[in-house]
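Record features (Swiss-Prot):
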- GLY55, THR56, GLY57, GLU98, ARG102, ASP146: GTP binding site (BINDING)
Amino acid sequence: LCDKKIQLGINLTKGLGAGALPDVGKGAAEESIDEIMEHIKDSHMLFITAGMGGGTGTGAAPVIAKAAREARAVVKDKGAKEKKILTVGVVTKPFGFEGVRRMRIAELGLEELQKYVDTLIVIPNQNLFRIANEKTTFADAFQLADNVLHIGIRGVTDLMIMPGLINLDFADIETVMSEMGKAMIGTGEAEGEDRAISAAEAAISNPLLDNVSMKGAQGILINITGGGDMTLFEVDSAANRVREEVDENANIIFGATFDQAMEGRVRVSVLATGIDSCNDNSSVNQNKIPAEEKNFKWPYNQIPILETKEYASTE
């Protein structure tokens with residue numbers, strides 16, 4: 001999957017996992033942080049992907065994000081000035097069947113991670129049921145989620161590297177994503193009549209994302225990709241369809257790129273940042289949580305090891 005892999009916390013974990021303990025994941029990342037930073041220290045942009053609720057993702061992701069935030073990447077421009085690494089978190093939340101405790105641990109991990117990333121995109125695994133049917137295999141469901149992320153992130157990078165009539169660079173990306181908090185990302189692809197509108201509507205209604213609304217977005221990045229047959233009117237209609245969903249004062253950055261492999265089709269990718277989170281849509285039934293537990297919040301570094309209610313009541 002990647003050219004360079006780093007084993008976290010060799011001394012701490014002895015080659016094993018974190019045992020679903022965030023403190024172990026945190027310690028493993030801290031043990032290996034110098035090696036991690038050696039690989040990312042000169043990066044302009046960093047994507048941190050993790051599954052929240054377990055040990056490694058919940059514990060290690062915030063450590064890496066914090067180190068990246070404190071680092072400075074030397075940008076070789078006119079003044080060779082130093083700029084921080086633009087850090088984007090792309091993480092998942094547990095399935096409902098994984099239990100209340102794991103969901104609460106995930107939420108604590110998200111709170112910690114959000115302190116250090118510029119932009120955070122959250123995908124609840126439970127939302128895979130929105131796009132699955134009775135015949136969808138377990139592996140296929142995860143592949144669908146991976147594809148949404150891959151195409152959406154590619155929409156961001158394509159703006160910087162793909163040729164087009166309206167080209168953008170990293171400075172534009174940084175404007176939309178730096179210090180923006182929660183975000184949503186979506187992509188849609190269509191062909192035939194009204195393909196541009198259909199692609200735009202698919203992009204702004206990503207069923208996998210956490211309950212978030214584009215209405216309050218502070219920054220919007222729109223990338224429209226098509227073949228040589230993509231028309232000006234199609235670009236206009238797709239961009240306007242996305243614009244209708246956001247506040248008129250939002251900072252909208254737009255790009256259009258060409259890809260000969262897209263002949264006959266149009267793809268629209270949307271990244272909305274600085275959005276307000278709606279009610280949490282986790283599958284955990286809050287009515288089933290005892291009142292004393294519902295109002296109780298564990299400090300991030302004091303998440304209990306045992307899952308029993310008796311253990312929690314003694315803390």
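The backbone N, Cα and C atoms fix where each Cβ goes, and this holds for glycine too.
Features per Swiss-Prot, on structure.
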{"residue": "GLY55", "record": "GTP binding site", "Cβ within 10 Å": "22"}
{"residue": "THR56", "record": "GTP binding site", "Cβ within 10 Å": "23"}
{"residue": "GLY57", "record": "GTP binding site", "Cβ within 10 Å": "22"}
{"residue": "GLU98", "record": "GTP binding site", "Cβ within 10 Å": "18"}
{"residue": "ARG102", "record": "GTP binding site", "Cβ within 10 Å": "21"}
{"residue": "ASP146", "record": "GTP binding site", "Cβ within 10 Å": "11"}
Of all the Cα pairs drawn from GLY55, THR56, GLY57, GLU98, ARG102, ASP146, the residues the record ties to GTP, which distance is largest, in Å?
22
